[in-house]
Amino acid sequence: MNNILFEEVLNVTDFTTSRQLTLWKREDLQSPQLDDVAEEVPVALVYNGISHVVMMASPKDLTHFAMGFSLSEGIIDSPREIYGMDVVPSCNGLEVQIDLSSRRFMGLKARRRALAGRTGCGVCGVEQLNDIGKPVQPLPFSQTFNLGNLDRALKHLNDFQPTGKLTGCTHAAAWVMPSGELAGGHEDVGRHVALDKLLGRRATEGEEWRQGAALVSSRASYEMVQKSAMCGVEILFAVSAATTLAVDVAERCNLTLVGFCKPGRATIYTHPQRLIAD
């Protein structure tokens with residue numbers, strides 16, 4: 001199976017649609033005008049011909065999404081267990097057709113569930129409440145991060161949201177190197193999908209993506225903590241707050257969770273020993 005770059009385009013407007021809208025400003029109701037609206041499409045992840053999940057997502061960087069989802073959901077342990085991917089149009093949406101190793105495919109069939117997502121719902125398709133949450137090996141304490149370098153990352157986070165700049169409708173996830181520089185990032189209408197894209201990209205990049213932390217433009221849910229931990233990410237920064245379950249999961253799996261990240265301040269929820277404050 002050939003690994004195609006279906007999602008690579010030359011213009012960000014390929015991921016937006018012009019719609020006629022009415023703009024209201026105080027004491028002024030303006031006539032209908034054209035504005036950009038972010039695209040959101042159903043994306044099916046199909047493993048060895050069997051559809052496993054349908055998620056609502058932005059139609060770009062989908063091979064990174066498929067790789068990140070496969071890793072963060074425990075379908076694979078290594079990118080080498082995926083032999084190839086094709087992104088193809090399907091009825092009213094897109095399919096990522098994934099060639100999965102036989103051993104991993106047998107495991108997937110054994111625990112397969114009907115998971116229908118709404119921009120990345122972690123509970124959709126889970127049959128019992130006891131099934132929520134996956135066992136995650138406690139993370140090592142091999143990383144540190146100087147909080148004095150976080151401001152640089154925050155300043156440039158929206159550089160990875162070209163669609164968001166046009167529409168105000170996407171979340172971002174980026175990889176922060178210890179220097180505070182951003183190695184790369186992705187955007188999506190779904191915050192979990194944006195993170196999966198980042199995790200998939202990280203798994204196939206070089207050594208510079210091994211050190212550092214993940215930064216998301218949204219709140220931190222338990223699933224985002226769990227996905228990060230499943231992929232070996234030790235530090236997760238979020239621009240907004242964390243939920244109680246996210247904090248509990250982060251505490252159990254030794255992940256350093258930091259929320260309300262703003263220039264010059266942050267709220268450290270768990271495992272502050274990885275952080276250096278100048």
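Glycine too: its Cβ is placed from the backbone N, Cα and C atoms.
Per Swiss-Prot, active site, cysteine persulfide intermediate is recorded for CYS121, and the stated evidence type is sequence analysis. Feature annotation from Swiss-Prot assigns Mo-bis(molybdopterin guanine dinucleotide) binding site to PHE260, CYS261, LYS262, PRO263, GLY264, ARG265.
Non-local contacts of ARG265 (Mo-bis(molybdopterin guanine dinucleotide) binding site) by the CB criterion (under 8 A, 6+ apart in sequence, same chain) are absent.
Counted within 10 Å of its Cβ, the other Cβ atoms near CYS261 (Mo-bis(molybdopterin guanine dinucleotide) binding site) come to 21, all protein chains included. In sequence order, LEU150, ASP151, LEU154, ALA266 are the residues of the same chain, not among PHE260, CYS261, LYS262, PRO263, GLY264, ARG265, whose CB sits within 8 A of the CB centroid for the Mo-bis(molybdopterin guanine dinucleotide) site. For PRO263 (Mo-bis(molybdopterin guanine dinucleotide) binding site), the Cβ neighbour count at a 10 Å cut-off comes to 10, with all displayed protein chains included.
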